[in-house]
Every structure is written in C-alpha cells, then in structure tokens.
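Colleague: In case it's useful when we look at the structure, here is the feature table from TrEMBL:
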- 89-116: transmembrane segment (TRANSMEM)
- 122-143: transmembrane segment (TRANSMEM)
- 155-174: transmembrane segment (TRANSMEM)
- 180-204: transmembrane segment (TRANSMEM)
- 225-248: transmembrane segment (TRANSMEM)
- 268-290: transmembrane segment (TRANSMEM)
- 348-368: transmembrane segment (TRANSMEM)
- 396-417: transmembrane segment (TRANSMEM)
- 429-446: transmembrane segment (TRANSMEM)
- 452-475: transmembrane segment (TRANSMEM)
- 504-526: transmembrane segment (TRANSMEM)
- 532-556: transmembrane segment (TRANSMEM)
Amino acid sequence: MCLTDAGEPRACDPLPISIRVISTIPELNGDKTVQGSSMYGTYQQEDRLTEDDILQGMLERRQRFAKLDHSRGYQHSFRKKSKWELVRLSLLIVGIECTYATETALVAPILLGIGLPHTVMTMIWATPSLAGLLFAPVIASISDRLRSRWGRRRPVLLALGISILTGMLVIPNGRAVGELLGLTTIGSIATITTIGLIMCDFSAETSNGLCRTYAMEVCTIRDQTRVLSIMVLTGGIGATMGALFGAIDWNAIGIGQYLGGNDASVFTANWIVMFVGLLVTLTSFSEIPLPVQESEPMLRPVTQKMLLEEVKRLRGDAEQTEHDDVPEAVGYKQFVLNVVRMPRSMKILCLTQLLSHMSYLTYCLYYTDFVGSTVFEGDVRAQVGSPAANRYDAGIRFACLGMALCSTTSSIYSVFIERLIVRFGARPVYVGGLLAHCFGMLAMGLFPYKLVVFSCCALTGVMYATIYSIPFLLISHYHSKNCFVEVDGQHVESIERRGFGVDVSMMSSMLCFAQLVVSLSMGAVVDAVGSAIIITFISSAFMLCAACSAMTIIYMGL
C-alpha cells in the first residue's frame, strides 16, 4: 500500500483512469469529449469518474480514518452538512447582524441626544474603526496559529462574544453608569458610551470574519458556498430582528419602564439574541486542532488544491504534485509580509470592499437621522414631548421598518445568489448588486418621500447580500486553488504562504477602514450643508466607484 503526498492510500501502480485538467477557457479545447464544471473549476473527463467522485472518495477515506478514534469525533469535517447544521454554524451571525442593526439605528440618536453635534458624533464612531484597523488583523493572525485543543477559531470567538455582550449593556446605560460613578458631565457620559461602543462594534466586526472562517474550515469545499449563502440569509434575519426591535415602542407596552427606557429595552432584546447565537454556534462542531493536522495528514481538510493534485495523480502527472499540505500557521512576521506583499487580486478585492462599505456606512450611520429630520421634519434636540420631538421619534421607528425591509430583502436574495453565480457568473452578479444600491440611494435623494425612502431599502438589501458573500467566496476560491494571479487566462500557483484567516480578516477590516473615513468626514459635511440629505448622493457616488472597481477583479472562472 502506498500513500500520495496528500495522505491518500493508493495502490502502488497508477489506476487506469484518464482525467485531464483543462483550461477554464472553452475555446482552447477543440475536442468533443464530455465536460463537467463547477464553481471551483472546469475539468474534462474521458471515463465515468468525475471530479466530484474523486472528492467524495477522498472525503470518505478521511471520514473512516477519523472514526477510528471515537474520543475526538472529527469525522464530521469530512461529510456533507445538512441545512440545519449549516444554520447552527450561522446563528452567531444572527446575533452579530442584530447588533449591527441596533447600533446603526440607535447609537447616533443616543449620542445626539446626549448633546453632541454631528461632527463629534461621527468622530466617536471612528474609535471602534481605529481599534479594528490596529488589532483585528493581529487577532486573526493569532487565531491562525493558535494551538489550543479547542481549535483555532472558537476560543477567540468566545472572548469576542463576551466583549460584545458587555458592550451592549453599557451603550444604552451610559448616563446611568456615569451617575453611579459620579460622572455626570456630557463629556464623561459620552466617554462611557464610547467605551461600550468600542467593545461592541470592534468585537462584532472581528467576530464576523472569524465566524465565516470557522464555518468554512469545518465544512467541505462543496459546502463552503452553501454556508456563506446561509450566513447571509440568517444574517438578514438577525438584522431584521434588530431593526424591528428598534421599531417597537417599548415604553407604550410597559417593558421600557421596567428595563430603563426604550433604548435599553432594544439592547436587552439584542443581548438575548446574541447570547443564544454565540452559544449554539460555538457548540456546533469541534475543530481539528492545528497540532493534530500537522501530525495526521489524513485529518487535514481536503482543499481544492489537494483535489486537483489527486486528479493529476490519477492522470499520471505525479511530478506536478505538491508536497506541502500542512495548514497555514502564519506568524506575526509573516502576517506583516502578507499585508505588504498583498497580490494585486487581493488589493482590488479589498479596494472594492472598502468603497462598498463606505457607501453602505454612509447610509447606515445617517439613514435614521435623515428620515427623522428630513422626511418627517423632526428635531432630535427638541424638548421631549414636543411635536418636533414626536415627529423625529416617529421617523426613527419608520426608518427602522425600512432597515427591516433591507434585511429581509438581503435574506431572500441570498437564497438565489448561488444559483445566479452559476447561471450568469460572479462578475455580473457582483457588479449588479452594487449598482442596485447606487441607483436606490440616488432615487432616495432626488425624491425624499416616505414611499421612496422605504422601498429603496430593498435595493440596499440586494447590495448587502452581495458584499457579504461574493468577496469571501472569492478569497476561499483563491486559497483553495493557491492562486492569486491570472496570466493569459491561466492560473499561476503562488509560492508564498498566505494565512486564510488573515486574508478574511483583512477583508473584514475594510469595514473598519471605511467606518474610520466616513466617521471623520461625513459629520463635517452634514453640518456644513445643514441637511442629512447630502448623504444619499455621497453614498451613491461611492457605490458607483465600487462597481467600477468590481469590473477589474480577477474571478478565476467563478
């Protein structure tokens, strides 16, 4: 019995199977043999054994090997997951997205209600972004090389989850915490609220990328697209819940008086959702620890690179087989090199994500204030109970309904996005999703009426599902092939190690960078213009630039 370099048992003589890996460009192949294709590449078969058959064989052998050790239970990593199991992996995203929705709906009114101007309010929003830019990639780098018996991702997700839950208790109770500490000035209350915002927002954004990394690592390569789509679906449900929490008048139903006000009630409901999501996801599937993967080749996840090498081996091209399938354990030095020497494909992808988030955050941070002040003609600083204050509060609740429509549309669209990618290709689906938000924001600014600003939120939902699925799918695609460069239609294999968690984290960090830019600039623009309506045109312009950038991304046949 012989072993392949991927750790597969095989007969010493090559099997009589002829499978030729061909270019993803159909014009280069003039014969009429049967072709099969998938989102992971194109192959040509001259026998009944397909790429999926080979993959299934690799997975089954690893699953049988893992079953030999009943105490560790790693066999789940090599089988197809049911929809319910993928939902369990995605429930943490429900809590994270619910937190985002609650923050974007209520933090701005909370800070403005303290007495802060727009400029200072948006600068406070920059603090978690700055923390994210400095520390999120470092945390991801630590996660990539963590040698815990509990795995590489789950211990970090647990620590970040506790930080989110703590921050949610502080944000709506900044004034109460200040009074408890004897700090009652506007500056002190704003500082306490900012600390809660940093704990909540920074930890949520860092968890977002790590949760997707964890899910993709415990799934087979054929399940990765499914779990990303389900994460967008469940995330949309979570965002809808957060928005609907904000649309409820908790004081009117008596709960607000018991919990300390309307804002505190919304964050309490969010806290429960986040706690349940964290608990269910972290107890869903065990990870294969890094030391185990290093010592046991048969317990290493099957990557697309390993699959293609097995296809080459069966064809008889043993000289093309690589000898290093050990998972990435990228240290801090290598992490810095990954950032400095980022391939052009990753640079363009990050730029597109940055521009997309700049557009989305401009909408998020000011949408509720825009509706309350411009559409409903209210005033956040008006005396409590006055007609202007009541109109502003009604506008906030109406805006929350619009954000709920956005989230619902995102969930529905996520169900079809995988089929759309297979049918039309990733490029038109990606660009089309970005342009939907671009046109929606432009219409919202030109026609600031209730029906328009409400219905255009559906177009933003299409964009949201797009930017939280396709970019992460592309990173997985790059890493599975170990290719970041395309020359004359051919994929060039990379010789430099890149951490998967680091690249996902860098993509997630674009949200932090975008939030920093928007926070430091948009408040001054709104104060200078004197109306929040300007944000609709700025958001539309950012997204148009993002769509142009998305046209130049390397899709590698996806």
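Placement of Cβ uses the backbone N, Cα and C atoms for every residue, glycine included.
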Colleague: With an 8 Å cut-off on Cβ pairs and a sequence gap of 6 or more, do the transmembrane segment (348-368) and the transmembrane segment (268-290) reach 3 or more such pairs?
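Modeller: Contact absent: fewer than 3 Cβ pairs fall under 8 Å.
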Colleague: Other than its close neighbours in sequence, what residues sit by the transmembrane segment (180-204), given a CB gap under 8 Å and a spacing of at least six beyond its ends?
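Modeller: Contacts with the transmembrane segment (180-204): 96, 99-100, 103, 107, 110-111, 114-116, 120, 124-125, 127-129, 131-132, 135-136, 160-161, 163-164, 166-171, 174, 512.
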Colleague: Suppose I define contact as three or more CB-CB distances under 8 A, residues 6 or more apart in sequence; do the transmembrane segment (396-417) and the transmembrane segment (452-475) meet it?
Modeller: yes
Colleague: Determine which residues of the chain contact the transmembrane segment (429-446) at the Cβ level, with the cut-off under 8 Å and only residues 6 or more beyond its ends counted.
Modeller: 356, 359-360, 363, 417, 420-421, 452-453, 456-460, 462-463, 465-467, 470, 533-534, 536-537, 539-540, 543-544, 546-547, 550-551, 553
Colleague: Do any residues, 6 or more residues outside the transmembrane segment (268-290), come within under 8 Å Cβ-to-Cβ of it, and if so which ones?
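Modeller: 72-74, 76-77, 85, 88-96, 98-99, 102, 145-154, 157-158, 161, 164-165, 168-169, 211, 214, 217-218, 238, 241-242, 245, 259, 299-301, 327, 329.
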Colleague: Mind pulling out the one from 155-174, 452-475, 504-526, 532-556 with the most Cβ pairs under 8 angstroms to the transmembrane segment (89-116)?
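Modeller: Checked against 155-174, 452-475, 504-526, 532-556; highest Cβ contact count belongs to 155-174.
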Colleague: Using a Cβ-Cβ cut-off of under 8 Å, list the residues of the same chain that are 6+ residues beyond the ends of the transmembrane segment (504-526) and lie near it.
Modeller: 117-126, 128-133, 136-137, 139-141, 202, 205-206, 208-210, 212-213, 339, 342, 346, 349-350, 353-355, 357-358, 360-362, 365-366, 471-472, 475, 532, 534-535, 538
